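Below: the structure, in structure tokens.
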Amino acid sequence: MAHLILIRHGQSLWNAANKFTGWVDVPLSERGRAEATIASCKLRDYRVNVCFTSMLMRAIETAVITLTECDDICGGKIPIIKHEADDENWHGWDNYDGDPAAELPIYPTATLDERYYGDLQGLDKAETTAKYGKEQVQIWRRSYSVRPPGGESLEDTRKRVYPYFTNRILGHIKQGDNVLVAAHGNSLRSIIMILETLSEEEVPKVELATGVPIVYELDKAAHMLSKAVLTN
């Protein structure tokens, strides 16, 4: 038995400003950092062994705060950002002669990045709705296969998330590790679609609050045994 903990990043500055963010690398707001701190307290009874995040700072910030505000989560280990050997952004600079057993690895990967919103990125959501109409914007935001102009659909996001999740992340689950994934609304919807076998009609309706952990209990075959949403 293992636990998979999913957490959407805390509120970002552009969440607060009601802008489409996508791949724009915006940091957490003060509220977002507080949400991650609260999440850490909620997870104090879970011992995390490994963490995966997107490459975007709002997800990495959320992961680091969640893992460091409550020492019980790490079991005395030090969270260290690591890179896969085949990561094109890795230059070997984080190599050192240390004890891996004293580390809690955090693996950033672009496969967990938010859905790319294309031409909508940086636009105010209310102004975009006024320009294109509520129905059209809702289709761009919450349909499964329709892409916003120049961007990705949820289906596109799932296609890039699926191989990494099933091979890399579930590999740790099958070893009995407790895994934290700090990512984004649509990359997490893609994971939830797999875990809960949701249909293409069901998954766009999944709502994820910022900074709220979702804890799945999984067996060694990665089948879901239980789910808990750790709200206030």
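Indices start at 1 and increase along the chain as displayed.
Cβ atoms here come from the backbone N, Cα and C positions, even for glycine.
Annotation comment: Swiss-Prot describes His9 as active site, tele-phosphohistidine intermediate. Listed in sequence order, Leu28, Gly32, Ala36, Leu56, Arg58, Ala59, Glu61, Thr62, Ala182, Ala183, His184, Thr210, Gly211 are the same-chain residues six or more apart from His9 (active site, tele-phosphohistidine intermediate) with CB atoms under 8 A from its CB.
Marked as active site, proton donor/acceptor by Swiss-Prot: Glu114. When secondary structure is read from DSSP and collapsed to three states, Glu114 (active site, proton donor/acceptor) falls in the coil class.
Gln11 (substrate binding site) carries neither a helix nor a strand DSSP state and counts as coil. Counting only same-chain residues six or more apart in sequence, the Cβ atoms lying under 8 angstroms from the Cβ of Gln11 (substrate binding site) belong to Leu28, Ser29, Arg31, Gly32, Glu35, Thr210, Gly211. Residues or ranges marked as substrate binding site by Swiss-Prot on the basis of sequence analysis: 8-15, 21-22, Arg58, 114-117, Lys125, 141-142, 185-186.
The site 'Transition state stabilizer' annotation in Swiss-Prot covers His184. The number of other CB atoms found within 10 A of the CB of His184 (site 'Transition state stabilizer'), across every protein chain shown, is 26.
Rounded to a whole value, the Cα-Cα separation of Gly22 (substrate binding site) and Glu114 (active site, proton donor/acceptor) is 5 Å. Take the Cα of Glu114 (active site, proton donor/acceptor) and measure to each of the binding-site residues Arg8, Trp14, Lys125, Gly185: the nearest one is Gly185. When secondary structure is read from DSSP and collapsed to three states, His184 (site 'Transition state stabilizer') falls in the coil class.
Just so you know, the Cβ of Glu114 (active site, proton donor/acceptor) picks up 25 other Cβ atoms within 10 Å once every protein chain is counted. Note on Trp14 (substrate binding site): other Cβ atoms within 10 Å of its Cβ, all shown chains, come to 20.
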